[in-house]
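Student: This is the feature table in TrEMBL:
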type	residues	note
COMPBIAS	41-61	compositional bias 'Polar residues'
COMPBIAS	88-98	compositional bias 'Basic and acidic residues'
DOMAIN	130-284	domain 'EamA'
REGION	32-65	region 'Disordered'
REGION	78-109	region 'Disordered'
TRANSMEM	124-144	transmembrane segment
TRANSMEM	156-178	transmembrane segment
TRANSMEM	212-230	transmembrane segment
TRANSMEM	242-261	transmembrane segment
TRANSMEM	267-286	transmembrane segment
TRANSMEM	293-314	transmembrane segment
TRANSMEM	326-350	transmembrane segment
TRANSMEM	362-381	transmembrane segment
TRANSMEM	387-407	transmembrane segment
TRANSMEM	414-436	transmembrane segment
Amino acid sequence: MDVKAAPNGVATIEDRILRITGYYGYYPGYSSQKSTSRSSVTRCKPSTNCSSSHSGISRQLSPLPVTEDSSAPILELQSRGSSGVCGHRAERQNRSGDDGTQMHPENSNRGNRLKARCLSCTAVVLKAVWGLLIILSVSSSWVGTTQIVKITYKNFYCPFFMTWFSTNWNIMFFPVYYSGHLATAQEKQSPMKKFRECSRIFGEDGLTLKLFLKRTAPFSILWTLTNYLYLLALKKLTATDVSALFCCNKAFVFLLSWIVLKDRFMGVRIVAAIMAITGIVMMAYADNFHADSIIGVAFAVGSASTSALYKVLFKMFLGSANFGEAAHFVSTLGFFNLIFISFTPVILYFTKVEHWSSFAALPWGCLCGMAGLWLAFNILVNVGVVLTYPILISIGTVLSVPGNAAVDLLKQEVIFNVVRLAATIIICIGFLLMLLPEEWDEITLRFINSLKEKKSEEHVEDMTDSSVHLRSRSRANGTVSIPLA
């Protein structure tokens, strides 16, 4: 639409806009010539040839005085006029392509998140499955070891020789670990290189003769005492009673850690320690404080105490160890036992404290079965810490109590009275209380608060649903209910 000419010579609104915006191809009277050229410009379909329109536009725009800087917009105008509807479609396709490129990273991020969640869920499920298998393996190996010892005692009673023989099998711990390393690791290492790497548990210099005697001797003595006292207790008590009393070592570990290592004080673990001591007294009372019963309880409690002292001293002097370092250390204990403690069963043999007629008369099947299961138990305890949650290893240990009880009932070697059953249950409950984490009270409070919040949210939702229902009913009846603030 034309308007009156302005004093500066600009005749139309389009000329004003072009002049203000600084369009390169602008000159006075541009819009009037453009309006005349529009009549000759025709839109072309995508399938038709637009050569006529190209020639018409170029003929009309050729006499215009155009500089080099203004050539680009005019060529752009010619391309737009020649493209017609095709140009609009191309622009839409470009825009849709840009939108697709913007949406593609979001979709990829969502896919990555879903993959990460699936991988985390798979890892948790695998860890739980491994935990279940480890629990069953740990409890069955410990039950098998205890029951084979009871069977061996029927024809052969040499507890120290059995302890020495089974401890020598610890030498095979590191070769088993290295075999697993060769089967699973991507970067294989030589045996000596792996041995030196795992010997860092003794210090930066590795294993020296001085450290071998200084660090290995006390732990080897404690290891031997723990197993020897455990075997002595199995001669006086049933397998169920001994395995239940041995579970008290968790309470002794807490007490020693609290006193020696200055660990955090926890009231629930004090209660668990008291329950363990109560179970010990009740176990001795179950047979009316019979002499063999009291001696057997003393042996079992002594075995649990030396086991607790071993764990506390290990934590004090050597700290935490990974699977390879634990395998190296246990194999070192086996070497020390073979070299320095072999004279003890020889002395007991010649003094006829532990005597047997000939080596052919020894029950090698039972001895090898006991030593193999004992070695398997130690390997599973250390492997389980790597593959699954450490708390499951302790649960597998306490499950050996009902396992031994089931075997003793089948063999008809034990008669459970009320006192013995109560003592076993109290000791097991105290053991489970020891497994509670240090922040168990905070975790419990958070869980209770979350339950309260969920209940309050459900109550609010019920109130809103009821108010909406009342409003709909009142509107249907022709009245409006206004809730009070």
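The backbone N, Cα and C atoms fix where each Cβ goes, glycine too.
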Student: Other than its close neighbours in sequence, what residues sit by the transmembrane segment (124-144), given a CB gap under 8 Å and a spacing of at least six beyond its ends?
Tutor: 239, 243, 369, 373-374, 376-377, 380-381, 383-384, 387-389, 392-393, 395-397, 399-400, 403-404, 407
Student: Please average pLDDT over the domain 'EamA' (130-284) for the predicted structure.
Tutor: 88
Student: Using a Cβ cut-off under 8 Å, which residues of the same chain at least 6 positions beyond either end of the transmembrane segment (362-381) come close to it?
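Tutor: For the transmembrane segment (362-381), the far contacts come to 134, 137-138, 141-142, 144-145, 148-149, 151-152, 155-156, 162, 165-166, 168-170, 172-173, 176, 227, 330, 356, 393.
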Student: Cβ under 8 Å, sequence separation of at least 6 from the ends of the transmembrane segment (242-261): give me the contacting residues as numbers and ranges.
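Tutor: Counting only partners 6 or more residues beyond its ends, the transmembrane segment (242-261) has Cβ contacts under 8 Å with 142-143, 146, 230, 233-234, 269, 272-273, 275-277, 279-280, 283, 296-297, 300-301, 303-305, 307-309, 311-312, 315-316, 394, 397-398, 400-401, 404, 423-424, 427-428, 430-431, 434-435.
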Student: Considering only Cβ pairs under 8 Å, which range in 156-178, 212-230, 293-314, 387-407, 414-436 makes the most contacts with the transmembrane segment (267-286)?
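Tutor: Result: 414-436.
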Student: May I ask which of the stretches 156-178, 293-314, 387-407, 414-436 has the most CB pairs under 8 A with the transmembrane segment (212-230)?
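Tutor: It is 293-314 that shares the most Cβ pairs under 8 Å with the transmembrane segment (212-230).
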Student: Taking 3+ C-beta pairs under 8 angstroms (sequence gap of 6 or more) as contact, is the transmembrane segment (156-178) in contact with the transmembrane segment (387-407)?
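Tutor: In this chain the transmembrane segment (156-178) does not contact the transmembrane segment (387-407) - fewer than 3 Cβ pairs sit under 8 Å.
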Student: Residue list, the transmembrane segment (414-436) vs rest of chain: Cβ under 8 Å, 6 or more residues beyond ends.
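Tutor: The answer is 238, 240-241, 244-245, 247-248, 250-251, 254, 268-269, 271-276, 278-280, 282-283, 285-286, 391, 394-395, 398, 401, 405, 408.
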